[in-house]
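Straight from TrEMBL, the features:
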- B:3-163: domain '3-hydroxyacyl-CoA dehydrogenase NAD binding' (DOMAIN)
- B:120: site 'Important for catalytic activity' (SITE)
- B:166-262: domain '3-hydroxyacyl-CoA dehydrogenase C-terminal' (DOMAIN)
């Protein structure tokens, strides 16, 4: 049998996960390739879902795979329940968080409420590639992405308010709390768009102001300053020079001196 | 740290007992360093000579810098700074080690508020190099720069922050703790899972095990003071479970139980 995982989505994260799956000995194909429905062992849908494209892609996917094929979908922005509501066979849909998938020892999974009795057989794929499965509640971003998104959001507020400059905010969280990376550089690594999507999703699902994305993050989305992948996020990443130590476009030293002259 | 760096230090504490026990505690540490061969006998003896315990605030008047570390109580700090302001020559720098109070409120009613600066050290001071150098509404930039280069000369990693609630570390770390309470409170995951997932993502500790280490009461009062500082912005709203734990005496490792049980 020529079994493979069907990969849906675009961008750096898709390439990383493609590479990771191949390293685990799992073959991958995309929708534009030719295959028969029986060959698909699972679908990995990594579309964020900020627009209608995710829905259209998943409806297209359903015409190309069997009714039982598990569909693992990124729940960074929408809940598995909402995504399942678009499908003919919603009970085979499983939500997961794709951030840091290659490095994390576990994978966060959630079931939509449509699967009244969660089918744990759907998860055998993860055990096959050696991931511990953590089943958590169906909310945008699950645990890690939600936590990181909120850390980055707060750092963005502090940055735009001029409380400290970008490199100092990152230094503070690394040296003061031993975080593996500062929030701003971490955001550049995983992609601002993924974290922004989590915040907007949480804000919509909970209707709470605490999840409101910082205006600076919104602007970065307009400008497509999404991080390393775009060579511009909070920091600049030139092809030749890694300008990690240079200042960030959002640092505003002039504001500080103005505050002083006012005082 | 100051004594190790070669400075002459005068220490004052209202309570004579704690002054003496502080000295004993330090000397014990130094002798241990000497036993391990990290310090020579001569070095320890000269360190002992450099530490002088004094009986009144007046005795501090020949110091260049006075570093305050009394409990986090605005009234207590204000009173102390008021005394220091009148007792010390106008060019003595007065620094507060506050982690959550406003340096501007501590210094505003002084005759010389421009000599007050925030120097927020992190515990344990000899292991964590970070220092938040806080600019109040009165602090001139030259004093900030002076403090930064002085700290750097001792191998510290100072960052310049504006006087805003929680500065950087305590503010940006808020969601790490608060969101974890929310995730567990809404039934999306249990405490163990949240800790496991966040450790797997690269954090040195999960939020619950970390709170047990630092004290749930300490963490709660930090949450509360940042929340209050931002005039009850919902982003910083503490979680009811925090208060319940504190009131039931589950404070973490120090009380034998907190989020987890310690034998």
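Backbone N, Cα and C atoms are what each Cβ position is placed from, and that goes for glycine too.
The model shown is predicted, which means the values in this text are computed figures rather than measured ones.
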> Where does the mean pLDDT land for the domain '3-hydroxyacyl-CoA dehydrogenase C-terminal' (B:166-262)?
Replying inline: 96
> According to DSSP, which of helix, strand or coil covers residue B:120 (site 'Important for catalytic activity')?
Replying inline: strand
>> Could you give me three numbers for the domain '3-hydroxyacyl-CoA dehydrogenase C-terminal' (B:166-262), the DSSP helix, strand and coil residue counts?
In response: 62 helix, 3 strand, 32 coil
